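> Quick one: this structure, given as structure tokens, is what I'll be asking you about.
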Number of protein chains: 2
Amino acid sequence: MTEASAAAPTIVPVKLGDRSYDIVIGSGLIERAGREIADRTDAMRVAIVSDETVAGLHLERLTHSLNAAGVHVTPIIVAPGEKSKGFATLETVTNAILSARLERGDIVIAFGGGVIGDLAGFAAGIARRGMGFIQMPTSLLAQVDSSVGGKTGINTIHGKNLVGLFYQPQLVLADTDVLDTLSPREFRAGYAEVAKYGLIDRPDFFAWLEKNWRGIFEGGPERTEAIAVSCRSKADVVARDERETGDRALLNLGHTFGHALETATHYDSSRLVHGEAVAIGMVLAHQFSAKMNLASPDDAARVETHLRMVGLPTSIHEIPGDLPPAGRLMEYIAQDKKVARGALTFILTRGIGQSFIAKDVPASAVLSFLQEKQQR
Amino acid sequence: MTEASAAAPTIVPVKLGDRSYDIVIGSGLIERAGREIADRTDAMRVAIVSDETVAGLHLERLTHSLNAAGVHVTPIIVAPGEKSKGFATLETVTNAILSARLERGDIVIAFGGGVIGDLAGFAAGIARRGMGFIQMPTSLLAQVDSSVGGKTGINTIHGKNLVGLFYQPQLVLADTDVLDTLSPREFRAGYAEVAKYGLIDRPDFFAWLEKNWRGIFEGGPERTEAIAVSCRSKADVVARDERETGDRALLNLGHTFGHALETATHYDSSRLVHGEAVAIGMVLAHQFSAKMNLASPDDAARVETHLRMVGLPTSIHEIPGDLPPAGRLMEYIAQDKKVARGALTFILTRGIGQSFIAKDVPASAVLSFLQEKQQR
Ligand SMILES: NC(=O)c1ccc[n+]([C@@H]2O[C@H](COP(=O)([O-])OP(=O)(O)OC[C@H]3O[C@@H](n4cnc5c(N)ncnc54)[C@H](O)[C@@H]3O)[C@@H](O)[C@H]2O)c1
Ligand SMILES: NC(=O)c1ccc[n+]([C@@H]2O[C@H](COP(=O)([O-])OP(=O)(O)OC[C@H]3O[C@@H](n4cnc5c(N)ncnc54)[C@H](O)[C@@H]3O)[C@@H](O)[C@H]2O)c1
Ligand SMILES: [Zn+2]
Ligand SMILES: [Zn+2]
């Protein structure tokens with residue numbers, strides 16, 4: 001492989017009619033962002049929304065690259081963390097976009113993790129009834145999940161992500177080097193979503209991950225490959241079901257159990273971050289599928305082994321602190337899902353890479369499964 | 001005409017592909033709302049957003065009609081007036097929609113003037129990333145203008161309507177009787193927008209208004225007719241240009257001068273309401289067109305005569321209190337329009353019903369016209 005081809009980014013197209021766009025994945029993209037954006041848009045001015053952590057580490061290089069391409073930059077920096085995904089910060093960011101005197105054809109760049117992508121995308125969608133928007137995800141979770149698919153939004157007292165828009169970016173630039181400054185814990189959490197794509201419907205990808213995960217963590221070419229496969233997987237699902245009326249639900253594999261655990265730990269990230277909850281949730285979904293005689297227990301064990309290998313938690317007993325009893329967890333699940341006459345819709349599996357949307361899962365079976373899990 | 005046909009509502013279709021919908025205009029529609037909505041949707045629950053004034057006068061009848069059709073109602077009432085069109089009330093209304101436990105297929109009804117339509121439509125567009133939405137406009141301005149076309153939004157410190165969405169309703173129900181409780185001043189203000197459609201491109205409609213305006217004010221069948229023609233006019237323009245990249249600008253006839261006057265009076269509605277500003281602005285646009293030798297001065301005089309006849313102001317000298325000098329008005333215009341090298345885009349006219357988008361209008365000509373106007 002020559003030097004040049006090693007550096008050429010991978011492009012994953014997202015096909016959504018007149019809202020189609022490219023995801024560009026590769027090394028050194030922050031330094032090349034100015035050129036990419038100048039080549040692909042007419043924007044003269046951009047606002048970069050970022051959090052203090054990401055801005056402190058990487059904003060200067062990005063600003064430099066944009067300025068060198070003749071693009072004027074206004075930085076809009078918010079506090080890191082989920083608290084910034086609320087109405088107060090939305091108002092601040094939207095007003096800052098208007099203060100920057102951007103026109104409708106100018107661009108808002110989300111430069112950060114999923115919090116920044118969701119917040120900045122929402123603000124871009126409502127400022128002047130819709131500005132240009134580019135995602136530059138900097139966490140692994142954002143690169144493989146939140147920056148793809150156009151869901152944006154904020155949290156309210158009534159729950160997470162209940163207010164927002166479907167607003168597609170016009171470009172996603174995922175610099176694989178930027179992940180080197182991510183904490184190992186956040187990197188692992190993002191990896192749970194990578195593994196999820198294998199478990200949904202790509203058994204070969206899961207097998208490849210079992211062999212190649214070290215290269216992903218260490219920043220080898222496997223990293224770009226894994227991000228590209230993940231984006232392609234999500235883009236395929238989104239193209240089939242942009243507004244989540246059907247198939248898109250498959251992306252929730254592990255998330256029903258996961259959300260219940262996040263609620264039970266009050267979204268306290270010192271106890272559990274989202275990707276960890278998803279890792280435990282995916283193991284539970286495979287074990288429950290085995291219990292329902294849908295899949296072999298060997299598959300559940302294989303999932304557990306791999307996730308444990310990369311350092312993710314795989315059992316509710318690994319969550320520090322006390323958890324509420326199974327009955328309470330069940331209530332959280334029911335709240336999330338709307339129980340129709342004692343039956344739930346769940347993502348279950350027939351084996352590695354064979355997930356499906358199961359309607360009419362008896363709530364009583366889920367409850368007794370959770371009771372067993374808590375006893376051991 | 002039989003009783004039944006007299007009561008049959010007029011339907012104006014708005015053709016926007018898969019976002020198409022009907023505007024239903026007629027007498028007694030509040031009492032029939034429950035049936036109309038039950039026939040046309042699957043919604044079991046609605047939230048009605050209204051202001052204290054409109055709710056006090058008309059909410060009970062609407063709630064009764066919906067309940068009788070088996071639809072559960074949650075009222076969400078805000079203070080009347082432009083101040084409710086801001087981030088704070090948007091948050092309150094959005095949270096109230098979520099509290100009401102509406103699902104995505106349930107419906108938010110905007111029941112009020114343009115303030116309520118813009119606010120509730122925006123909240124409906126972002127709650128759960130988009131709920132069902134129905135407009136029930138209760139001011140003349142809302143029935144002929146703001147409820148048609150899908151623009152929703154709020155004001156910020158940076159200006160009016162700078163934050164929002166294009167979000168189309170699935171149905172508009174315009175009860176012509178509800179206008180009987182509107183203050184005469186607000187009725188006249190809405191009438192300015194009715195006349196505007198004649199002046200844009202319907203000279204016959206303007207001539208019809210000159211003869212039939214009394215019936216519109218008194219609630220005769222002319223009222224339904226005038227509202228229907230207005231909605232059809234706006235719907236045509238919107239269908240050609242949903243996102244305002246071209247033709248839709250014609251709807252701004254009279255609005256460039258009008259906005260400058262509203263800014264100059266600090267949006268103080270005791271001095272000037274929007275429709276009054278538009279009335280004066282339309283007269284100015286015709287006079288300026290005559291001064292530029294584009295149209296006959298007789299046409300400007302005809303516009304002035306008609307608007308004065310219905311009781312609208314037609315000259316800046318009728319605005320109570322002091323106005324800033326012409327140079328300052330010019331600055332407000334320039335702020336609004338982005339002056340490109342001393343030239344403005346303006347809606348001008350070649351005569352009654354012959355408006356057009358004029359690019360390259362010299363700012364100096366507008367300034368000296370305003371100076372003349374202020375002297376007399
Ligand atoms: N829109 C969607 O489809 C979607 C999908 C999944 C998750 N989400 C949302 O995404 C959010 C979670 O995303 P996240 O895990 O990226 O959270 P995040 O944005 O809070 O980032 C996690 C932490 O990593 C830091 N960080 C990010 N990039 C870094 C880098 N390169 N170097 C050093 N530190 C870095 C951040 O400052 C933050 O402290 C949640 O709000 C979730 O609801 C959205
Ligand atoms: N979305 C659009 O395309 C669009 C177009 C034009 C104007 N607008 C917006 O519309 C707003 C102005 O609309 P408006 O003039 O209807 O203002 P409004 O909603 O404030 O109503 C004017 C007043 O009339 C009262 N009222 C309304 N209906 C009544 C009734 N049937 N009986 C008694 N009182 C009644 C209201 O309580 C209010 O005090 C502005 O915010 C403007 O920006 C939007
Ligand atoms: Zn997730
Ligand atoms: Zn107007």
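Cβ coordinates come from backbone N, Cα and C, glycine included.
The following feature annotations were taken from TrEMBL:
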BINDING   A:G114, A:V115, A:I116, A:G117, A:D118, A:T138, A:S139, A:K151, A:K160  NAD(+) binding site
BINDING   A:E193, A:H255, A:H274  Zn(2+) binding site
DOMAIN    A:76-188  domain '3-dehydroquinate synthase N-terminal'
DOMAIN    A:190-339  domain '3-dehydroquinate synthase C-terminal'
> Enumerate in sequence order the binding-site residues A:S139, A:E193, A:H255 whose Cβ-atom distance to ligand 1 is under 6 angstroms.
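Near ligand 1, sequence order: A:S139.
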> A:E193 (Zn(2+) binding site): which of the binding-site residues A:G114, A:I116, A:D118, A:S139, A:K160 have a C-alpha within 10 angstroms of it?
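None, since no candidate lies within 10 Å.
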> Counting Cβ neighbours within 10 Å across all chains shown, tell me which of the binding-site residues A:K160, A:H255, A:H274 comes out on top.
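Selected residue: A:H274.
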> Quick check for the class: what is the C-alpha distance, in angstrom and rounded, between A:H274 (Zn(2+) binding site) and A:S139 (NAD(+) binding site)?
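Computed Cα spacing between A:H274 (Zn(2+) binding site) and A:S139 (NAD(+) binding site) is 13 Å.
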> Tell me the Cα distance separating A:H255 (Zn(2+) binding site) from A:G114 (NAD(+) binding site), rounded to the nearest angstrom.
16
> For the C-alpha pair, I'd like the distance in angstrom between A:S139 (NAD(+) binding site) and A:H255 (Zn(2+) binding site), rounded off.
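Their Cα atoms are separated by 19 Å.
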> State the Cα to Cα distance, in Å, between A:I116 (NAD(+) binding site) and A:H255 (Zn(2+) binding site), rounded to an integer.
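Pair distance, Cα basis, whole Å: 21 Å.
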> Can you tell which of A:G114, A:D118, A:S139, A:E193 has the least company, meaning the fewest other C-beta atoms within 10 angstroms of its C-beta, among these binding-site residues?
A:G114
> Mind giving me a neighbour count for A:I116 (NAD(+) binding site)? Other Cβ atoms within 10 Å of its Cβ, every protein chain shown.
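Result for A:I116 (NAD(+) binding site): 33 other Cβ atoms within 10 Å.
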> Which residues, same chain and not among A:E193, A:H255, A:H274, have a CB within 8 angstroms of the centroid of the CB atoms at the recorded Zn(2+) site?
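What remains near the Cβ centre is A:L141, A:D145, A:A192, A:K196, A:G254, A:G258, A:G275, A:A277, A:V278, A:G281.
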